[in-house]
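Before any comments, here is the structure.
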């Protein structure tokens, strides 16, 4: 540690001999290699930022008219607003020649929460509910799924802590799992787990609460409690083993203690979010259709899901296609230790080429099926315009820089990940049938974009869309075979494909 440079270390005799052999046999190759690197001498020999560095840089930049203009404008402007390309905003319009014929409403709003995946899921499911019952405005309860997801993620975390009690608390696995342990985010397979276990209800049956719309205070309390609970359970496992208890007895005793702790989690959640209907408890729902005729329905949340939202395309019969250039295509991928319901369906992806994903989206839109998709919405996008376009910001021209990372490189270095889920409900095709732009239903309310709808260019899809969910009956048959074949490649818990939208 410290700022002093390290003393040079004399090479070992073996390394000296190897160096001599290299110089003897390949001096020309070594010279050529160094020449190609364009190696130069640094101004700062110890690696720090010297005043000589700064003076030299300032001397050059202060004489550049473009740099002087940038300093004038950007010192008191949002860099994103100031550098939006007018050409891009004019070229990319909210017009689509292929749209899903049935229009749903209203535009939903997840507010100050990370529930986009649940909003995308319920926005897809409500198409069939609204069509069957001829509804004008309707929402399924995102808060209902949110409650059961949060409760189960709490249990999932504690089970992982019991299962991995032999790892030290500073092990990378434990550290990662104890980070964002009950994220608001999720994945399609997690939504399938919730729907198949708990069903779904209309929003009026289990409406929004303060803490479903503003989740951070509740999350902070739950995380503190769960981390404390994790240490209690880990210690119990260690003590049981030290006392000579069998593995079965240890798990049984620890789970009994865990259930006491989970009761406390449930107490907190029901106070903050309200008590949800049980999946097998009957409720009565009253509604108006598009002609203002009153209707009523009675049944359980599971019956409601199976009656209205599981046909013609069941969530459990749909799966995720992803585009991850780091991994082989036509390959099944899963993420280690990622899930919500303990023992439930794992998170599974079939990796494929981007063009196959786009062809699948077009096929679904033409079939009248909305598309759940995952992307990195924070890249090259403008919220107020509702525009996602790789040419949107003029950073390179303004600063004379190159931003040339590939999709794979962004994933490798942590520059990008799947951070948001939305719904594609339209696509504009050119004369050759190639996609130009996509209509996107977001869950940020009606103010952003075109009354809540965004437009995404085809180039942006290439770079920042990672996932689309497709029913098996509309998916390429060879990829269905990959999905059903098992034998998934397992990525570590911290892999960017494990980021929850």
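The backbone N, Cα and C atoms fix where each Cβ goes, and this holds for glycine too.
Packing around residue 116 (active site) is summarised by its Cβ count: 26 other Cβ atoms lie within 10 angstroms of its Cβ, all protein chains included. Feature annotation from TrEMBL assigns active site to 116 (among others).
The active site feature in TrEMBL is assigned to 420 (among others). There are 21 other Cβ atoms within 10 Å of the Cβ belonging to residue 420 (active site).
The active site annotation in TrEMBL covers 442 (among others). The Cβ of residue 442 (active site) lies under 8 Å from the Cβ of 107, 386, 422, 448, 449, 452, 453, 454, each of these being in the same chain and 6 or more residues away along the sequence.
Per TrEMBL, compositional bias 'Low complexity' is recorded for 1-14.
Marked as region 'Disordered' by TrEMBL: 1-25.
Across the structure, residue 116 (active site) and residue 420 (active site) are spaced 6 Å apart at their Cα atoms.
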